């Protein structure tokens, strides 16, 4: 692995590496990305094995201009409007793909996410390279967001390290959110798949299309609040009908926290405690579903110790103990998450806000 | 061996006196009992306040046994899995009594208690290991290989909801109250189990080494929402269809695993609250018969739900089988709650 400081001369080095199917890490206005030639199947396979995720999960790509984007996707009016309004910038626009990128880049349903990074170095690389590059974040699945190279290197295996060919060091980036991901392939409405700094609606609301997706959204939400971990208690309050996927959400949260154990429903036990040996953190998973007097029972169960111990707490059916939670709003970070059934069988609308 | 056993792993406050595998007395606190003895309704909160009722339950168990506590050989107590604050009450009380009467204190796993509950009242242990062991309750859904008493290999566990929990949730959805598993069973008898199509969980899973009920639960919520103003027969059909598929999943995993063992399995142990379900017992018996196995349930319904009798029996079996010395059970400080204790 080669590490080079980000400067004008580095552009040619990156282009050379990309042309040879290599895996290159570099900065954008959001996070460090893992870039490969998006049209080179072997390079994409290399990226998949670095990210440690199953084949079939799509990667977004970076281009320099809307005209370049049109070589790879069909842009409808909605998409064109978004390009005009937001790009370059931290927005990824999902459109119907033209199947001109390597297999494994487009989603299984043939859609493809494109962004134009608002970052000079990255734009110059793509321009000179003349082909799109992958712009997926440079961390392995469920690892912390990469704002500096050590965020990546400290959290991956030796095997993963060996897959990285070149790193362009731009120092520590401003801690911006990853891009907002917007699906434009449905005619009737825009669908937000990931909520970054740019908001299109007056609330934080994203669409999950699968259980894996819901877990991933939980991970992203965790990463928004991770900085408070150990300093304040963080309470994820889950509200949503039976069977909507509250426990699934907690599975994703636990995975993002680094908990390896199987998360099961705490409905019967009321409270399940998972400890992380590495950093003395713990996840407390509570369910009020079968409590008869939930407010007083919750009070007895948590005894405020959990808040004082700055634990991460996930509460299913939190709406049943709203008043007890509200009382702790001064001492803890409270994230209220609503999960709702949506149009398609596996679709869920997930919204959140602070209490 | 005469044992006082205590279990406060979750909702129930339970104490029992056992003599080897025999249950001499088996007291379980329930709201009904409390109403009768205190003449009033306790606040619901007290359901989890084992503290208030543990002495009374232990006294009853001892009184019913017609034994004296000083004549006992040991105390056994559930240390997990369960709710930490609830487990703590039973453990503290057990320690207090162990110190006071200078008795050995034996820590027991609640799930192992359910697993070995079919051995209650067994005259002699001429059981042929290995066996299969199935525990189905509100908090546990687990199939294991019982190589011997104390030597288990988990073959399948739930990756989300427990079976008993899923049945309770299905019942609540149908407006049958909580805990509704037992009512669901009654109503299901009046329904057509094939009326509605629900997905059998993990039907295409080739290894069948886990259970899952969250997908079925979601499908049931979806199905229910499509039925406008369900009448009594609709509810019965829904209950029957849901229960049918929930059981079918258990049976498929069980059948797959029973055929998939290195050794021929002749015996199946089955315990836990859901084992009270008659339809499930029937289907377990049929499956066992098909594979030339014998299935053993606890001899009385009371031993299926949470109780301390099974804890006393388990303590005896472990001591006897593992040839443990009583003198090793005087280190009271080492006995502590373990809310997520594994088998």
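Backbone N, Cα and C define each Cβ position, glycine as well.
What TrEMBL records for B:22-312 is domain 'Gcp-like'. Sequence annotations record features per position, and here TrEMBL assigns Fe cation binding site to B:110, B:114, B:306. Residues annotated as substrate binding site in TrEMBL: B:135, B:136, B:137, B:138, B:139, B:168, B:181, B:185, B:277.
When the C-beta distance to chain A is held to under 8 angstroms, the binding-site residues B:110, B:114, B:135, B:139, B:181, B:306 reduce to B:139, listed in sequence order. Here the candidates are the binding-site residues B:110, B:114, B:306, and by Cα distance the one nearest residue B:181 (substrate binding site) turns out to be B:306. Sequence-distant neighbours of residue B:277 (substrate binding site): residues of the same chain at least 6 apart with a C-beta under 8 Å from its C-beta are B:181, B:185, B:243, B:247.
For the recorded Fe cation site, residues B:110, B:114, B:306 set the reference point as the centre of their Cβ atoms, and the other residues of that chain within 8 Å of it by Cβ are B:7, B:9, B:78, B:111, B:113, B:137, B:140, B:272, B:307, B:310, B:311. A C-beta separation below 8 Å, combined with a sequence spacing of at least six in one chain, links residue B:137 (substrate binding site) to B:114, B:162, B:163, B:164, B:272, B:273, B:274, B:305, B:306.
Cβ contacts within 10 Å of residue B:114 (Fe cation binding site), excluding its own Cβ and spanning all protein chains shown: 32. Annotation for residue B:110 (Fe cation binding site): spatial neighbours B:7, B:9, B:78, B:80, B:81, B:82, B:306, B:311, B:341, criterion Cβ-Cβ under 8 Å with sequence separation of six or more. In the structure as shown, the Cβ atom of residue B:135 (substrate binding site) sits within 10 Å of 29 other Cβ atoms. The 10 Å shell around the Cβ of residue B:139 (substrate binding site) contains 27 further Cβ atoms across the protein chains shown. Taking the domain 'Gcp-like' (B:22-312) as a whole, pLDDT averages 92 in the prediction. The DSSP secondary structure for residue B:114 (Fe cation binding site) is helix. Taking every pair among B:135, B:136, B:137, B:138, B:139, B:168, B:181, B:185, B:277, the residues listed as contacting substrate, the largest Cα to Cα separation comes to 18 Å.
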